[in-house]
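Here is the structure we will look at.
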Amino acid sequence: MFRLSYWVFPIVAGVVWLATLLGLLLYWNIDAHQEHYASMGVSQRIAYISDIGASRLKPLFVAGCVITTVFFDISFGADRWLRHKGRLVPNTTRGEKVLSGLTIVFAVIGTAGLVLLSIFDTAHYPKLHNIFLLLFIAGYVFSAIFICWEYQRLGIRYREHRVLRISFWIKLTFVVVEILLAIAFVACTFTKHYDAGAIFEWIIAFIFSFYVFSFYVDLYPAVHTKNLAQNNLTGKGHVRSTKYPANGSSATTNGGLTLREMEEGGRTGDSSDHVLTATPQQYQQPAAVSSNF
C-alpha cells in the first residue's frame, strides 16, 4: 500500500535539485547552443553551473536552490523529531544527540552557502560566489560526516536494523567520493583548468542529488510506526525499551510483549507481572502519535 509520510521531503528536494540541474544543462546545450558567457575563461568551453545560473536562468537557479534546501533541511529536522518521538530508533546517549545536532547545524550552513551563491552570482560577485560555494560544499560534507558517525553508533546499538547499516554506507560513500571530487574541483579551478573544473562541478552536483534521495531510506520506516501505541511514564507501568522491526511488524518491549498486549493487560488487571523499571539512561516511549504523518 502506498503511504505518504516524512519520506516525501527528501524526494521533493532531490527531484527539484535534479530538475534544476537538468534544466540548466539542457538549456545551455540546446537553447543557448553552448554559449560562451562573460564569466567564463577565455579558453573555457564547458560552462560551470554558476555560469549558466548567472544568465537568463538565474530565477530558475535561485528558486531551485531555495526549494531544494528548504525541503532537505525539513528532512534533517524530521529525522531528529521522529527519533525523539520514538517513530524511528531513538538517540539514547548524549553523544548521539550532539552528533544529530551538529548534522543539522552544518546542513543549515550548507543551505546558507547554496542559497547565497545562487543570489550572488559569479558574473557580478565572483569572490563572494566562490566563498559561498566553498561554504556550501564544506557545510554538507561535514553534515554528512556527523550523520555517518551518528548512524554508526546507532547501528552498533540496534544491530537488528539493517536500514541503519545501509544508510551509513550510502552516506559514507558520499562523503569519501565528494571529498575527493571537491579536492579535484578546487585544484582544477584555482590552476585555471576550467573545463576539467566544470566537469567535476557537474559531477559533484549530480551526486549530491542522490545523497538527498538517500534520506528516503532513513525516513520511510516511520510509515510503519504511524499508529504505534506508545506509553508515557505513569504511576505503575514503565516501558524499558522498544524494538523497532524494520519490516513494520508490531513493536515489542524487551520483555517479549507487544505494546498492545501490555495495554490489554492493563485493562484486564493482569499487567502487574510485566511491569518494567526504566533507568534514566534508557529510552522511554512517548505518547501515541495521532498525526497524519
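Note: Cβ is positioned from N, Cα and C throughout, glycine not excepted.
For 260-273, the entry in TrEMBL reads compositional bias 'Basic and acidic residues'. Summarising the annotation, TrEMBL assigns domain 'CWH43-like N-terminal' to 6-221. The region 'Disordered' annotation in TrEMBL covers 239-274. What TrEMBL records for 7-30, 60-78, 98-119, 131-151, 163-187, 199-217 is transmembrane segment.
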Among 7-30, 60-78, 131-151, which stretch has the most Cβ pairs under 8 Å to the transmembrane segment (163-187)? 131-151
Which one of these stretches, 60-78, 131-151, 199-217, has the most C-beta pairs shorter than 8 Å to the transmembrane segment (7-30)? 60-78
Counting only residues at least 6 beyond its ends, the same-chain positions whose CB falls under 8 A of a CB in the transmembrane segment (199-217) are 7, 9-11, 13-14, 17-18, 21, 25, 46, 48-49, 68, 72, 75-76, 79, 137, 140, 144, 163, 166-167, 170-171, 174, 177-178, 181-182, 184-185, 188
For the domain 'CWH43-like N-terminal' (6-221), what is the mean per-residue pLDDT, to the nearest integer? 91
